[in-house]
Ligand SMILES: Cc1cc2nc3c(=O)[nH]c(=O)nc-3n(C[C@H](O)[C@H](O)[C@H](O)COP(=O)(O)O)c2cc1C
C-alpha cells in the first residue's frame, strides 16, 4: 500500500497541505479543546476483551440503520464548508460516500446545494438511490425552516438530523486568532438561499426547544434523529418527542468545552432509551477498534467528522474513499480478532476500562 496506512496518517498528510487558517478551522474546537482531545483519548482507555475459538466465520461489516442497509457501521457526520478543504467540496464527498455504500449526513451549511450533492451521489450508484440524510439547524423562522425541509425532501434525503447542541456558537479561539469568521469570496451556503435569491445567515437560537421538534415531527414524514445528545434524560425526551434515533455527540468538542467524551456517555444513554430508538455516536473515532468499542457499548453505528474532511483535503474523492476503505478493513479485522462476525452481535462484555500503567 502506498500513501497513508491509517486515519492518523491521512490527517498528517492533509494538515501539511492545508493553510494555517483552514487547518485551525477543521482541527480546532472550543476554548481549551479539552473535549477534542478527550474524545480520542477516551477510546484508548477502553480495552477489548476478545473471545476465542468462537468459529464466527468471516466478518461482514454490514449493518442496518433506520431501515437503511449500509456497508459498515460508519456514517459520514455532517461537517460544514467542504470547499474549504477541496475545490470539489461536497460533490467529491458525496461520490465517495455513495461508492462506499454508506450514509452521508449532509450539512445544512454545505458549500454545495443539497440538490447538487444528491445528483452527484446518484452518478456513482446507478442501481439504488444513495442514502443521504440532511442535517438541520432548526431556525426560529419556521417558514424558512420548512422551506429547507421541503428542499431536502425533494432532493431525496431520507432522514433529518436535527443538531440540538447549538443554542449558540462555541467559542473557537483559533478562528478568533486568525480573524476567520466568513467564507472566502466565491463560497457560500446555497441551502440558505431564499427564493428571492438572497443567501441568509444561519441563526443559532437559545429559544429552540422540544416544542420545535414536535412541530418538525408534524411537518415531515421523514425519520428524525436528534444529534448532540449527552444527558441520558435528553435521550429519553428525544424518544418521547417522536425522534427516530439519537446521536450521542459533543460536536467533536466544538461547542461546549469540557463535556465528557461521547464514548463515556454512550452506555448510560443506551440504557436510558431501552432500545426504543437506535443510538449512534460520533467524536474521536479513528480506528476500527474504536468502532467495535462503540458497538459493544450500545451504538448501532458511529459517524466520523474530521477524518472525512482530512481525506477530502488530502486527495478529494479518492482521499475520502481511502479513509472509508481503511476504516472498513480495520473493522473487519477487529471483529475477527474479537471473535465476532456480525457487528450487531457485539456484546458489552467485550469492553473493559483500564489504566495502562
Ligand atoms: C469542520 C467541522 C464542521 C462541522 N460542522 C458541523 C455542522 O455544520 N453541523 C453539525 O451538526 N455538526 C458539525 N460538526 C460536528 C460533526 O458532525 C461531528 O459531531 C464531529 O466532527 C465528530 O467528531 P470527530 O471530528 O472527532 O469525528 C462539524 C465538525 C467539524 C470538524
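Keep in mind that glycine also has a Cβ here, set from the backbone N, Cα and C atoms.
A quick note: this is a predicted structure, and the numbers were derived from the prediction, not measured.
Within 41, 205, 249, 355, the residue that TrEMBL lists together with 78, 79, 80, 135, 163, 227, 282, 283, 284, 285, 286, 305, 306 for binding FMN is 249.
For residue 137 (glyoxylate binding site), the nearest neighbour among the listed binding-site residues (80, 163, 305), judged by C-alpha distance, is 163. Counting other C-beta atoms within 10 Å of each candidate's C-beta, the binding-site residues 78, 283, 305 are led by 283. Recorded residues residue 163 (FMN binding site) and residue 254 (glyoxylate binding site) have their alpha carbons 13 Å apart, per Cα-Cα distance. Here the binding residues for glyoxylate are 25, 137, 251, 254. Their largest Cα to Cα distance works out to 20 Å.
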